[in-house]
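Chemist: Take a look at this one; I'll ask things after.
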Amino acid sequence: MKVNGIHHVSALTADAQKNLDFYKKVLGLKLVKKSVNQDEPTMYHLFYGDEVANPGTELTFFEIPRIAPFHAGTNSISSIGLRVPGTEALHYWKERFEEQQVTHSGISKRAGRDILAFQDHEGQRLVLTADEEGKGYGLPVKQSGIPEEFSFRGLGPVELTVPYAEPTLHVLTNILGFTEISREPVEGQGTAVILESGEGGAATEIHLIERNDLPRERQGKGSVHHVAFRVRDEEELAGWHRIISREGFSNSGIVERYYFKALYFREPNGILFELSTDGPGFMVDENLDELGQTIALPPYLEHRRAEIEAKLKPIQ
């Protein structure tokens, strides 16, 4: 069995409203679900994605008010990739970032593709990748204020930085079924091992960097919490549960998240991996034109709606 690319990436923010202002209004992503952290429902969990909330397009944020800024280092998910249609789109975004005073590093190359690295208002590290192959899922967001020919298509390569690459590489290749396709220099970072899964292409890639000269990352606002990989359905997820357990990894067991089912475990360098089913998806409780408009709760939290909403600061 092999995973089928990136399902979603989840990160941390200290302010849900400022997060929404940046990711929806500046980047033009669609808020596809305004919900809460199911393990701590007093905090927002915001899901952004493409026009129809396809798996493989979702970038999510847990709000933790007053959380301290992160300190960059190893044992971390060190950047999040977002795919755009091509290099022409990168030039559009470079101009837009300059107009919006977004910190960026200019257009460069990574793993054979043109990229534009940038940071959000909390220092979250992101990379726009020119996806000339176009293998990944993703439909342009309508009414986003961004021309469709330049707009977000979905998640791109996810970068991991670890002090010792070999144990993580073993998990990715020998357990999860990734394939190493090349080793590429990354400016200021040494060499990245480029791995792909599923159908291949930018939407399925992990870039693994070994840095034993850095301290361990301290998580906070601007850091990434976990990366999730796609699996077909609950039956396949049950098979993964058996495999992960057999390999000796402590894990969560299968967790009901309503919009998908999930399995969590930490790889040897401590990075949190999740395996998530493609379905049932984010339209199980809202129509397309309703996505992200109101606070959505899974049925097992619905009886606490009044209590939960009273503790959340309204955002729009």
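Cβ atoms here come from the backbone N, Cα and C positions, even for glycine.
OK, Swiss-Prot features for this one:
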| type | residues | note |
| --- | --- | --- |
| BINDING | His8, His226, Glu274 | Fe cation binding site |
| DOMAIN | 5-131 | domain 'VOC 1' |
| DOMAIN | 154-278 | domain 'VOC 2' |
Chemist: Which chain-mates of His8 (Fe cation binding site) that are at least 6 residues away have a CB under 8 A from its CB, listed by sequence?
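Modeler: Phe47, Pro55, Gly56, Glu58, Leu59, Thr60, Leu155, Val227, Ala228, Ser276 - these are the non-local Cβ neighbours of His8 (Fe cation binding site), listed in sequence order.
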Chemist: Show, in sequence order, which residues other than His8, His226, Glu274 on the same chain lie with their Cβ within 8 Å of the centre of the Cβ atoms of the Fe cation site.
Modeler: His7, Val9, Ser10, Thr60, His225, Val227, Ala228, Phe229, Ala262, Tyr264, Leu272, Phe273, Ser276
Chemist: Could you say whether, by DSSP, Glu274 (Fe cation binding site) belongs to a helix, a strand or a coil region?
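Modeler: DSSP assigns Glu274 (Fe cation binding site) to strand.
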Chemist: Check each residue in the chain of His226 (Fe cation binding site) that is at least six apart in sequence and keep those whose C-beta is under 8 Å from its C-beta; list them in sequence order.
Modeler: Val9, Ser10, Ile77, Tyr264, Ile271, Leu272, Phe273, Glu274
Chemist: CB neighbours of Glu274 (Fe cation binding site) within 10 A?
Modeler: 21
Chemist: Taking all residues of the domain 'VOC 1' (5-131) together, what is their mean pLDDT?
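Modeler: Taking every residue in the domain 'VOC 1' (5-131) and averaging pLDDT yields 98.
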Chemist: As a quick check of your reading of DSSP, tell me how many residues in the domain 'VOC 1' (5-131) are helical, how many are strand and how many are coil.
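Modeler: The breakdown for the domain 'VOC 1' (5-131) reads 24 helix, 64 strand, 39 coil.
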